[in-house]
Amino acid sequence: MKALYPGSFDPLTFGHLDLIQRGSDLFGEVLIAVLENPSKKATFSCKRRIEQIENATKDIPGCRTIAFKGLTVDCARENNADLILRGLRAMSDFEYELQVAHTNRSLNNQYETIFLATETHHSFLSSSVVKEVARFGGEIRHMVPEFIAKDLMKLNTN
């Protein structure tokens, strides 16, 4: 089975990587779809985020990374995905993700959204938290892969 894992991944965190690994174990194939959203100012370009993800997932079998614009269900259909994979950190995530899952089903009822709870030690992680800690010079190497930490440090020293 092929799971579509959509997101901005700006930047990719160890929480994302955990979900990708578990998705690979469960479904065999994970298509990581990096959203190109021109109305949102990204920290890293879509191209750089794809490079970061490809580097971080090179040892996880069945992973592929693409860019996408538009609706998640259209991306799933165009790439022959069987399901949509999403992670949940807290109840607040569930409320939002359930709304998105229902919207996706209303647009194309072929796609189920499968939710995986994050590992407890990753439950505080979000890309926004990582960027905020990095902005103030805090330690982030326990939150993101080393090369992403270096990318963020470069941005914050310029």
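Placement of Cβ uses the backbone N, Cα and C atoms for every residue, glycine included.
Annotation comment: Swiss-Prot describes Ser8, Lys40, Thr72, Arg86 as substrate binding site, evidence class sequence analysis. Within 10 Å of the C-beta of Lys40 (substrate binding site) there are 9 other C-beta atoms, taking all protein chains into account.
According to Swiss-Prot, the ATP binding site annotation covers Ser8, Phe9, His16, Gly87, Leu88, Arg89, Glu97, His122, Ser123, Phe124, Leu125, Ser126, Ser127, Ser128, on the basis of sequence analysis. DSSP assigns Glu97 (ATP binding site) to a helical segment in the three-state reduction. All chains included, 16 other C-beta atoms sit within 10 angstroms of the C-beta of Glu97 (ATP binding site).
Marked as site 'Transition state stabilizer' by Swiss-Prot: His16. Secondary structure at His16 (ATP binding site), taken from DSSP and collapsed to helix, strand or coil, is helix. Sequence-distant neighbours of His16 (ATP binding site) (same chain, 6+ apart, CB under 8 A from its CB) are Gly7, Phe9, Gly87.
Among the binding-site residues Ser8, Lys40, Thr72, Arg86, the residue whose Cα lies closest in space to that of Ser127 (ATP binding site) is Ser8. Cβ neighbours within 10 Å of Arg86 (substrate binding site), excluding its own Cβ and spanning all shown chains: 24. For the binding-site residues Ser8, Thr72, counting C-beta atoms within 10 A of each C-beta gives the highest total at Thr72. Sparsest Cβ environment among the binding-site residues Leu88, Leu125 (other Cβ atoms counted within 10 Å): Leu88. Spanning the listed ATP site, residues Ser8, Phe9, His16, Gly87, Leu88, Arg89, Glu97, His122, Ser123, Phe124, Leu125, Ser126, Ser127, Ser128 have a farthest Cα to Cα distance of 18 Å.
Here the binding-site residues are Ser123, Ser127; the one with the fewest Cβ atoms within 10 Å of its Cβ is Ser123.
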